[in-house]
Amino acid sequence: MTQNAEGTGKPTRTRKTAAAAEPEAAPAPKRTRRPVAAKADAAEQAPAAPKATTRAASAKTAAAKSTPTKAPAAKAATTRKPAAKKAPAKGAEKPEPTVAQATTGEVEVQFERDGDDVVLTVGGKKRSLDEVDDSQFVEANEAPLEKELVEEEQGFALSDSDDADEPEVQVVSAGATADPVKDYLKQIGKVALLNAVEEVELAKRIEAGLFADERLSSVDEVVSDDDLEDLEWIREDGRRAKNHLLEANLRLVVSLAKRYTGRGMLFLDLIQEGNLGLIRAVEKFDYTKGYKFSTYATWWIKQAITRAMADQARTIRIPVHMVEVINKLARVQRQMLQDLGREPTPEELAVELDMTPEKVVEVQKYGREPISLHTPLGEDGDSEFGDLIEDSEAVVPADAVNFTLLQEQLNDVLDTLSEREAGVVSMRFGLTDGQPKTLDEIGKVYGVTRERIRQIESKTMSKLRHPSRSQVLRDYLD
């Protein structure tokens, strides 16, 4: 720091280093925060009553060896760390100002926070740090990283790391909203729409970027260092142009996705699938054809949405070509309903669609949506749809009782026969394991011929037809 012509002692700024006081003055303290500079006027005023001292740092300079009439205050080159703002601990006192003492007196420097701003009060004059031209000072990443209170030749560096024990303030984005659709529409609405000239310009940059990427990816072609730098810049510029063209047409995807709501997919999922189609349209767009990008991109967006609905919207997936047939049948059916004033028959639909009536009925079955068995029924919803569906495999209690009684009566009748006769009848009709056996199989079991088994079977059936045995089983003939 040098003294101006009028001798006021007002400091001047330098870029890399803080200005020193008079050659004979003691070195001033340095403080590390963010690239800002605090400027103190000459210590001409009487020192104000000190309010407090900061907990982070408070230092007094040594007395100057010479005896100048006026000693301008030292200007500290400070850099603020990009750390989050720290909230003061509960019950803690208000931070006290930093007081620096020169030979002619004290100059009070007070740091006060006003929202996100920091206000410096130097010699009774307030100034916001945001008003300081940061371009004239050292960047934060250029400032040396030092331990706390490490003494140097020019003084010592002060750091805010001693405040690390204080709770940090959680910063919440002011633009966040509970509705993701509304938040998404707000974000994409910030990008301005493009006209035809801007679309062509972006398309040319994209094409140049693709060409540069192709040359850089080529193994056979040797590229010089100068050309390599240019090609990399052109490729990156093409990527920026692609992103710009995408962001400017995101609203087109939203407008098209609204037409497909209520068909089994969420609105945000439709938008996401449409964005994939938009990316494909950007990559395939040919500006030399003369049409606008939105005209070309609409087809790709619709194609991506309809394919996604065919693959994801239904509980039971149906092939894409069959989905197209189902949609065509639905359109023809609606049109004929308006023309005829009634539901068209399968024969009438078959004539319009050029297919057989049986095929029409089959396609209509494919187009049916599944219904949950837990769908509530009635006004109160106390019953479910599944309660009304009969289980074809369930056994009716009455039939189960009749079957048990029949087994008991049949065993009682068989007990009146001989062991061989009862065994032949049981194996012949599968009364034991449910598998009827042939005469040869039964003959092998008893070691006789099939003819002998047939004779035993015939004699046994004659006995069972006698009223003394058959009367108890006649009631089960129903």
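Each residue, glycine too, has its Cβ placed from N, Cα and C.
For 1-115, the entry in TrEMBL reads region 'Disordered'.
Taken from TrEMBL, the feature compositional bias 'Low complexity' applies to 17-29 (among others).
What TrEMBL records for 37-81 (among others) is compositional bias 'Low complexity'.
Summarising the annotation, TrEMBL assigns region 'Sigma-70 factor domain-2' to 245-315.
What TrEMBL records for 269-282 (among others) is domain 'RNA polymerase sigma-70'. Within the same chain, residues 184, 206, 242, 245-246, 249-250, 252-254, 256-257, 260-261, 293, 296-297, 299-305, 307-309, 312 sit at least 6 positions outside the domain 'RNA polymerase sigma-70' (269-282) and bring their C-beta atoms closer than 8 Å to a C-beta of that stretch.
Positions annotated as region 'Sigma-70 factor domain-3' by TrEMBL: 324-400. Per DSSP, the secondary structure of the region 'Sigma-70 factor domain-3' (324-400) breaks down as 43 helix, 4 strand, 30 coil.
According to TrEMBL, the feature region 'Sigma-70 factor domain-4' maps to 413-466.
Taking Cβ pairs closer than 8 Å, the domain 'RNA polymerase sigma-70' (438-464) reaches residues 413, 417, 420-425, 427-428, 470 in its own chain, all 6 or more past its ends. The domain 'RNA polymerase sigma-70' annotation in TrEMBL covers 438-464 (among others).
The DNA-binding region feature in TrEMBL is assigned to 439-458.
The predicted model assigns the region 'Sigma-70 factor domain-4' (413-466) a mean pLDDT of 90.
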